[in-house]
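Peer 1: A single structure is presented below for examination.
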Amino acid sequence: MSEYSLFTSESVSEGHPDKIADQISDAVLDAIIAQDKYARVACETLVKTGVAIIAGEVTTSAWVDLEDLVRKVIIDIGYNSSDVGFDGATCAVMNIIGKQSVDIAQGVDRSKPEDQGAGDQGLMFGYASNETEVLMPAPICFSHRLVERQAEARKSGLLPWLRPDAKSQVTCRYENGKVVGIDAVVLSTQHNPEVSQKDLQEAVMELIVKHTLPAELLHKGTQYHINPTGNFIIGGPVGDCGLTGRKIIVDSYGGMARHGGGAFSGKDPSKVDRSAAYAGRYVAKNIVAAGLAERCEIQVSYAIGVAQPTSISINTFGTGKVSDDKIIQLVRECFDLRPYAITTMLDLLHPMYQETAAYGHFGRTPQQKTVGDDTFTTFTWERTDRAQSLRDAAGL
């Protein structure tokens, strides 16, 4: 059962400054891993008026024109003119990337790949809930879909006066752990100065909000706040400085589950901040898909240079068909959560990451993708291919 009667989550669009930074960091990772799948990459990005700075540590045999790549990401998002305050073609790009510390490398690299140590200490959480078809909390799902629709309406020309920066927030009402209504919707979207607030609010309401949210959950008491401060002309990196890793709750479960604090974007799979969080989602989703619980949160933790997790914990919030201790036993039997095993299990050594950097890392649909000669599946941690084996092992 959910302990909440109301719960709120937020999301931001691909044009939000922090998300620009995330997408640049993951574009750098993808470009490198496409040439050198065993590269070590930790790329951080800062964007502000007229400048994009990339920094971090990379060890690789690949060569990438990083300045050109950064510009392309910014332009593709929609910042392609001084009229919108930021232009990828003319902004300054600074590259201060160095090499990975040999002290870290010696703790990760092993002669036997399966003995690869964790790239750092830390704790990671995974979560799943049966309240939506994608086994994610409803508030974050709806928030993502709103800003995703905003980008679609902007790029397609349906609402040509929209600009890239936007934020959404959705409050859901719960009864007995199930979503029964949406009590509040907030959507703030950057726009051209020519459009009136009346026209903007009417169009956003009809073509974004009502188009996206389930009609049966909207009711006469639902509050709508569309651009509640009025004009939102100045946005993106002009309005706010953007940094990689500043939207970790947007990236995960919207606050419904706990978070270990480590960001995802710009990190290769040897960094358990990312790969173990993906594995946690994979485990939790398969547990819920198997019918072992209606809700499941898993915590895993690691020590730097050590392969085996230092702990695995499970909480099913009283919804489990078997005990949490039994589920932990099943997880240990069915999933290998050593870093190298996670990379293999989820097939993570492919240029799949820029797509994760906007609209959530979880609750997405796996798709086949080809980059050069490399064909692979994205969002592999969303598969439920181990649900039946978990059911069988649990005797259900």
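Each residue's number is its place along the chain shown, starting with 1.
From the backbone N, Cα and C atoms, a Cβ is placed for every residue, glycine too.
Per Swiss-Prot, ATP binding site is recorded for HIS16, ASP165, ALA166, LYS167, ASP240, ARG246, LYS247, ALA263, LYS267. Annotated Mg(2+) binding site per Swiss-Prot: ASP18, in sequence order, evidence recorded as sequence analysis. Look at Swiss-Prot and you will find GLU44 tagged as K(+) binding site, backed by sequence analysis. As annotated by Swiss-Prot, L-methionine binding site applies to GLU57, GLN100, ASP240, LYS271. According to Swiss-Prot, the region 'Flexible loop' annotation covers 100-110, on the basis of sequence analysis.
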Peer 1: Rounded to a whole angstrom, what is the largest C-alpha distance between any two of the residues HIS16, ASP165, ALA166, LYS167, ASP240, ARG246, LYS247, ALA263, LYS267 that the record assigns to ATP?
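Peer 2: Max Cα-Cα spread across the ATP binders: 25 Å.
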Peer 1: Enter the number of other CB atoms within 10 angstroms of the CB of LYS271 (L-methionine binding site).
Peer 2: 23
Peer 1: Report the nearest neighbour of ASP240 (ATP binding site) in space among the binding-site residues ASP18, GLU44, GLU57, LYS271, comparing Cα positions.
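Peer 2: Of the binding-site residues ASP18, GLU44, GLU57, LYS271, ASP18 has its Cα closest to that of ASP240 (ATP binding site).
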Peer 1: Where does GLU44 (K(+) binding site) sit by DSSP, helix, strand or coil?
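Peer 2: The three-state answer is strand.
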Peer 1: What number of additional C-beta atoms lies within 10 angstroms of the C-beta atom of LYS267 (ATP binding site)?
Peer 2: 27
Peer 1: To the nearest whole angstrom, what is the C-alpha distance linking ALA166 (ATP binding site) and the residue listed as 'K(+) binding site'?
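Peer 2: The Cα atom of ALA166 (ATP binding site) is 22 Å away from the Cα atom of the residue listed as 'K(+) binding site'.
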Peer 1: List the residues of the same chain that sit at least 6 positions away from ASP18 (Mg(2+) binding site) in sequence and have their Cβ under 8 Å from its Cβ, in sequence order, or write 'none'.
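Peer 2: The list for ASP18 (Mg(2+) binding site) reads VAL12, ASP240, GLY242, LEU243, THR244, ARG246, LYS247, given in order along the sequence.
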Peer 1: Taking Cα atoms as reference points, rank the binding-site residues GLU44, GLU57, LYS271 by distance from HIS16 (ATP binding site) and give the first.
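Peer 2: The smallest Cα gap between HIS16 (ATP binding site) and any of the binding-site residues is with GLU44.
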Peer 1: Only counting partners 6 or more residues apart, tell me which same-chain residues put their Cβ under 8 Å from the Cβ of the residue listed as 'K(+) binding site'.
Peer 2: ALA21, SER25, ILE54, ALA55, GLY56, LEU243, THR244, GLY245, GLY266
